[in-house]
């Protein structure tokens with residue numbers, strides 16, 4: 001078989017060497033009469049499938065970065081070792097997608113050069129291993145982190161129009177090696193099968209925009225106001241979480257609400273702490289090594305004040321932003337102590353922001369006394385009660401009676417026969433669709449969704465009309481003056497027609513040119 005025009009023998013030899021792991025020149029290959037067998041075609045299809053499988057996983061890996069800090073905290077609770085596992089995930093995914101992509105490009109180039117697709121057994125083994133690893137990753141995601149499937153559904157509202165353009169472009173480029181293969185093969189049945197499959201896929205892609213919906217496909221004058229920002233434990237990317245420094249950093253980010261978690265010490269002092277144990281965010285293992293595994297509520301206030309609640313932030317670097325802290329911020333972080341609720345309320349009052357909190361642990365035998373102690377501190381603090389957002393469900397009626405001006409925030413959707421209408425709801429962002437957000441907005445129900453860190457997610461919720469979002473990345477979302485993208489429906493329709501027509505013409509040109 002003669003070399004096709006534009007494919008020199010040294011290039012073909014290099015491609016064969018990389019794909020087959022054998023230094024066989026194109027001339028020797030031609031003398032040997034090597035051809036692409038059905039088995040070789042099967043391995044090429046497997047390679048193509050592995051590439052697509054890994055590409056889908058790459059998409060998921062990027063999407064779940066929004067929630068990966070929760071995964072890091074989960075692993076720390078189990079193993080007591082802190083590591084930013086998102087880096088491990090991205091590096092491993094990048095290696096797998098690069099490997100399969102390079103092999104696929106080599107195979108397509110070999111096809112265009114008219115060379116046999118003799119995949120080496122080492123590549124076959126690594127491809128199978130790649131498929132197994134990605135399948136295991138998807139399985140683990142489904143078992144341990146099932147809510148991320150709903151995150152992927154939301155992400156399609158942000159990326160759907162652009163994924164459509166990308167997939168159409170990729171399938172259009174595939175027309176060149178496909179046309180080359182069809183004109184070379186003598187198997188009529190295979191030709192018809194490939195053409196039918198390819199045409200079916202392309203028709204489906206051309207019509208895909210009919211099923212793509214996104215809240216950001218709207219006119220500019222229909223865009224709802226920008227959601228207010230709620231600082232998740234303050235500004236945890238800029239300061240140690242649940243500290244006064246974190247609260248003040250959140251204020252600098254223009255947050256309207258400081259979200260935190262409250263526990264009550266053994267001697268009845270409410271204080272800020274998220275974890276049931278103190279090991280992640282304090283040096284309790286150094287100060288009280290024999291009691292480090294105890295519940296946070298087992299320590300009295302005097303003991304809690306002995307703990308360093310800031311140095312861990314510099315040592316473990318829970319977020320990449322820690323590396324960019326100024327010397328002054330680093331020094332201030334090392335001086336942080338566990339704040340009491342009284343101190344946090346005073347800081348919130350001075351900064352004129354609201355404070356929203358959960359009271360933990362909910363299953364504690366003295367939970368009612370925790371509620372009483374917390375309510376007493378709030379009433380004595382002098383903060384306007386309208387600035388206090390109460391999340392705990394336990395003994396909520398008692399709180400309403402003693403402090404009716406406190407804003408009640410519910411961690412559930414409204415019920416059909418709701419006796420008292422909900423005014424504020426606080427839910428994971430995966431739990432509400434764009435349609436529900438719009439309906440709640442029309443009914444004057446304030447919707448806060450958590451935890452929203454990535455601009456793409458913030459953009460989708462902004463377009464949907466959410467009232468506020470709880471975020472770790474207030475310094476990022478603060479700078480957003482507009483959603484990442486906003487397309488009028490007429491503009492989107494024009495883009496759709498142009499992309500599909502350009503793709504059709506490019507495919508037609510490929511088949512006519514290579515004939």
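Residue 1 is the first one shown; counting continues down the chain.
Cβ coordinates come from backbone N, Cα and C, glycine included.
Straight from TrEMBL, the features:
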- 41-65: transmembrane segment (TRANSMEM)
- 85-113: transmembrane segment (TRANSMEM)
- 125-143: transmembrane segment (TRANSMEM)
- 163-183: transmembrane segment (TRANSMEM)
- 192-212: transmembrane segment (TRANSMEM)
- 227-481: domain 'GP-PDE' (DOMAIN)
- 493-514: transmembrane segment (TRANSMEM)
So which of 41-65, 85-113, 125-143, 163-183, 493-514 has the most C-beta pairs under 8 Å when paired with the transmembrane segment (192-212)? 163-183
Answer with yes or no whether the transmembrane segment (125-143) touches the transmembrane segment (41-65) by the criterion of at least three Cβ pairs under 8 A, sequence separation 6 or more. yes
I'd like to know the mean pLDDT over the domain 'GP-PDE' (227-481). 96
